[in-house]
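Sequence annotations record features per position, and here TrEMBL assigns domain 'EamA' to 114-245, 267-398. Marked as transmembrane segment by TrEMBL: 115-133, 145-163, 175-194, 200-221, 228-245, 265-286, 298-318, 330-347, 359-377, 383-401.
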Amino acid sequence: MGDCNHSTHERALSIEDGVSVVFHKVDSHDDTNSGDESGDDERTAATIHLQSNCHDVSCDYDGDAEGARGSDNSLEGSEKKTLCPPAFCVRSRLASRDGSALEDSEKPNSCPGLGLFYAFLSTVFFSTIALLVKTIEGVHAIEISAIRCFFQMLFTMPLLIYHKTGFLGPRDKRIYLVLRGFIGSNAMILLFYAVQQMPLADATVIMFSNPVFTSLLAWIFLKERCTIWDCIFTVFTITGVLLIARPPFLFGDHRRGIEGNYANHIKGTIAAFAGAIGAAFTFVVLRKMGKSVHYYLSVWYYAVIGFIECIITVSVLGEWKIPYCGRDRWLLMLIAVLGIAGQSFLTKALQIEKAGPVALMRTIDVVLAFIFQFIFLNRAPTMWSLGGALCVVASTSGVALQKWYSSSRKS
């Protein structure tokens, strides 16, 4: 085998507005038969480098050292046609679309922090709902849930008609929609009950522990990967719940700062913990459904099933009462409106931003709960509550960071 001599000839196109097109012509000649077969062994390779913001491209050659200036050479003319095919000769097309390309380049990009801003708004709305539930007196938590579901049905129905999604959903997804509505509405009832029975911040912290249980339930039912970190975060979460509940077999008589009767405090703790697990089950069901079901259809099932369940339960318990003052009636309607707004902004945030940063932004819910409790309810948190909140926030933040890191590595 003989050695190959490589000679490179570069032709640069005329450059305007940041366009750089360079052709590399590589001639390969064999030493043994370079005289006879040089034309047969000639190969041409073209490399094109394009930069952004190109508006006008000229496909005329400025010239090579020897043969590019000779326009009468037919061979060079054919090479010009070969090296500059019509696909690359876009001078006329780009010139006609100059204005439209310039307009597209002038369009502003979407705000990078818009998704986190939506998540922050949803957090503020959900925290305000918990505060309003705490301030309303003489109305059972199940009745508050029924009123919220009723107004949520009224607001969701026109959206379903507008999007033409129907009211039943896909036939193979209806069982999941029913489960989502039943479990989700029960989680809401348990949260409202916990807020009425124990301090606002404590109930919010325990309810906020649901991301940790979501990871465990997804490992059990969806066969998702469970790491040692998930187990560590679960231990942190349970420790935080114990610090807030302060059961007698662990803390004895250290019950300072407990709101009202200690039995009601334990009831509220159990309700908040069960509500957190219910919310985790809801998230698992939503993951199972995926994106094949419209979001408003999921909210519709949540409102309808919750309303029916609450009406039956309140009727059996005989707890149906009309609020005493007009202020509470307006607050009940405001709870329903804020619930729809919070869910809409949270969904919009998850569509724009990754789930990890959104979950981290939701930790502000705990901070707002302590602030609202101190300002509006005139109740300072205890060291036990702060310690429990720190454990729960650390575990949920760890879950969010772990998911965020895993998704970033995959992408």
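Don't overthink the numbers, they just go from 1 along the chain as shown.
Any Cβ shown, glycine's included, is placed from N, Cα and C.
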Across the domain 'EamA' (267-398), average pLDDT on the 0 to 100 scale:
86
For the domain 'EamA' (114-245), how many residues does DSSP put in helix, in strand and in coil?
110 helix, 0 strand, 22 coil
When counting Cβ pairs under 8 Å to the transmembrane segment (145-163), the leader among 200-221, 298-318, 359-377:
298-318
How about the transmembrane segment (265-286) with the transmembrane segment (359-377) - do they touch, taking at least 3 C-beta pairs under 8 Å (6 or more apart in sequence) as contact?
no
Mind checking which residues of the chain, 6+ beyond the ends of the transmembrane segment (115-133), have their Cβ under 8 Å from one of its Cβ atoms?
141, 144, 191-192, 195-196, 200, 203-204, 331, 334-335, 338-339, 341-343, 345-346, 348-353, 357-358, 361-362, 364-365, 368-369, 372, 376
Where among 175-194, 359-377, 383-401 do we find the most Cβ pairs under 8 Å to the transmembrane segment (228-245)?
383-401
Tally the residues of the domain 'EamA' (267-398) by DSSP class, grouping H, G and I as helix, E and B as strand, and everything else as coil.
108 helix, 0 strand, 24 coil
